[in-house]
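Let me begin by presenting the structure, written as structure tokens, before commenting on it.
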Amino acid sequence: MDVPSEYRATKPSQKRRPKGNKGGQPAPQMAPPQQAYYNDFNMQNQQQQNYMQNFGQPDMFFSGYNTGGPGAPGPEQQFAQQYLNNPMASMAMQYGSSLAGQGKDIVDKNIEKVMSSSKVKYYFAVDTAYVGKKLGLLFFPFTHSDWSIRYNQDEPIAPRYEINAPDLYIPSMAFVTYLLVAGMVLGTQDRFTPEQLGTQASSALVWLIMEMLAFSLSLYVMNLKSGIKYLDIIAYCGYKFVGMTVSLLAGVMSSSTVYYFVLLWFCLALVFFLMRTLRVQIVPQSEVEDGHTRGTKRSLYFILSVSLVQPLLMWWLSSSIMIYKRL
């Protein structure tokens, strides 16, 4: 059978072409799904960058409510301007700032009176020559003759220029050395623990603070006019750690008999040192009426109490460490 000439067989490998639009234009090409996802992601990233660039601007959240035009201030700016233009608000701000300044000045003055950095620095203004002379004076005070302190109470000089002036360098260093030696002695007795060393440090500090409070209160109750300050009392009471340290060293290197002998020597030396030093500073301050001094007995009682309490504390704080070795 003959096939018409218009008919042509199509090959299996050929693809059918898409039909064009009625207008003769080709059909629009659709983007692949993966490309459309990337386009959406880039658009979201661009929106996020624009948001971060506008973050913190005044019209970020209130741009839709600003009806005064592009240059008009927002609600927050209008409120701030009204608050600053109010004379009562300005007066309140000035009054509050002045009160804050006055309160700061009062607090600074009170802190300066109680604990001044310049006063504390004065007690640590020492040198090697002063430390050597002062330690010699604490070891052998019986040979010293001049106990007067030659400086003005209003403008005191540094202790390195006056050997009779109290300092806090030697008491603080002696306290630290006492703790180290106490730890060594406890170690030789096989009973060293951090808790035991902490107990020795806390007990010594508590006794020192109690001494300062008791003697300061005694000066006030006895109505004794003296130039001694609470830092002076801490310095005088802290000199006992020198004798305690040397006594413990002598005892651990030899025997308890040597410990008691050295402790007794330093107790006598400290009592003599405090009596001569405090007598110069307290007794001349007593009032004189009709040729008779007032408060002399009270001054002597105070000096004796301060001087005699030191040997008791030296024995109490050091014997608890040393005597256990011989039990």
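Even glycines carry a Cβ here, placed using N, Cα and C.
Keep in mind the model is a prediction, meaning the values are calculated, not measured.
Noted in TrEMBL for the protein shown:
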type: REGION; residues: 1-34; note: region 'Disordered'
type: COMPBIAS; residues: 25-34; note: compositional bias 'Low complexity'
type: TRANSMEM; residues: 168-189; note: transmembrane segment
type: TRANSMEM; residues: 201-221; note: transmembrane segment
type: TRANSMEM; residues: 233-252; note: transmembrane segment
type: TRANSMEM; residues: 258-278; note: transmembrane segment
type: TRANSMEM; residues: 299-317; note: transmembrane segment
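The stretch with the most CB contacts under 8 Å to the transmembrane segment (258-278), chosen from 168-189, 201-221, 233-252, 299-317, is 233-252. When each of 201-221, 233-252, 299-317 is scored by its Cβ pairs under 8 Å to the transmembrane segment (168-189), the top-ranked stretch turns out to be 233-252. Here the transmembrane segment (201-221) has Cβ contacts under 8 Å with residues 175, 178-179, 228, 230, 233-234, 237-238, 241, 302, 305-306, 309, 313, 317 of the same chain, all six or more residues outside its ends.
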